[in-house]
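A quick write-up on the structure given underneath.
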């Protein structure tokens, strides 16, 4: 039944052009990468320099905003004409309904991440980079950035389920996304702010704790793991108690 729910969510997406948003931030970052001429000789290789320039374009504004659009859209049909009542009255577990929606959102984010990495690699191939390709940096940035979106996707899915308005969750997401530029440079607030975690996790810099991703111990424990557990659990509780 779970996979039937996932397939039904995919069918809803296929009827629209919403999936085209997957290409927005990777292509904009691709353009920035091609235009980048800075080399940082003696400190970092060409691949990592380009990734440093492309990552903010992808993660500071566009990635959080795209997550908000996907979570709002994935609940849009249920808010129309008693859709929640029809869906939850079917012989399906409410937990499966929630997890199917969350799984599709995270799959779309994974595709977005892969497209970004392909654009990064394409920039290097077009420019003919001669430095060694940083495979470990790519893995940390790709996987770490995806993991860092877990709490944000959980928050936005919870809000999108709770609010029947399609625009209201988007507006809330914009309000909390815009401060990313300032929060990213704050040692006090950055480790705890869910909207900025994808940027902190993907931007190449010194190793994090245990030689892990490019984030501090506080970011991993509080913002990413803690935030995901709290908001994912809150979403499960909400849908189980949702009146129809």
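Glycine too: its Cβ is placed from the backbone N, Cα and C atoms.
Because TrEMBL annotations are produced automatically, they should be read as predictions rather than curated entries.
Range 59-77 is the one annotated as transmembrane segment, of 40-58, 59-77 (source: TrEMBL). Note on TrEMBL: of 2-22, 170-190, the range annotated with the feature transmembrane segment is 170-190. Away from its own ends, the transmembrane segment (98-123) comes close to residues 2, 5-6, 9-10, 13, 19, 22-23, 25-27, 29-30, 33-34, 47, 50-51, 54, 58, 63, 66-67, 70-71, 74-75, 138, 141-142, 145-146, 149-150, 153-154, 157, 161, 232, 235-236, 239 of its chain (Cβ-Cβ under 8 Å, at least six residues beyond either end).
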